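Asker: According to Swiss-Prot, the protein carries these features:
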- Asp8, Glu57: Mg(2+) binding site (BINDING)
Amino acid sequence: MTLGIGNDIIEIERIQANIKKYGQRFLNRVFTKNEQIYCLNRKMPALHLAGRFAAKEAVVKALGTGFSQGISWLDVEILNDANGKPYVSISPLLTQLFASPKLLISISHCHHYATAFAVWSS
């Protein structure tokens with residue numbers, strides 16, 4: 001059963017501008033080390049970072065919390081399986097708050113935008 005859905009879209013340039021302005025401080029605040037390693041080793045890092053940014057936003061929208069109740073950007077981690085499919089890994093805080101939620105995500109991007117959709121199901 002579907003318990004919540006969320007989506008988000010972001011301009012890739014917005015992520016690029018934050019990296020340029022704030023550098024590692026921005027990256028460490030929003031992205032886990034694993035996310036940074038994956039994205040920064042891609043041909044177009046900002047595109048992949050923007051996809052993860054949108055996915056994190058979509059996940060907290062699906063859960064209905066946004067980034068509140070002590071939930072931070074680092075509580076939601078977007079990883080890829082062996083086939084490249086993105087999946088969500090959540091912190092112990094989110095696992096406790098939502099009794100190990102099942103979360104599915106889809107990420108898409110083009111030249112200017114990244115978008116993500118998340119489904120929380122039982």
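The chain as shown is numbered from 1 upward.
Glycine too: its Cβ is placed from the backbone N, Cα and C atoms.
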Asker: Inside 10 Å of the Cβ of Glu57 (Mg(2+) binding site), count up the other Cβ atoms and send me the figure.
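Answerer: Result for Glu57 (Mg(2+) binding site): 21 neighbouring Cβ atoms inside 10 Å.
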Asker: With an 8 Å cut-off on Cβ-Cβ distance and a minimum sequence separation of at least 6, pull the same-chain contacts of Asp8 (Mg(2+) binding site), or say none.
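Answerer: Once residues fewer than 6 apart are set aside, Asp8 (Mg(2+) binding site) is near Phe53, Ala54, Ala55, Glu57, Ala58, Lys61, Thr115, Ala116.
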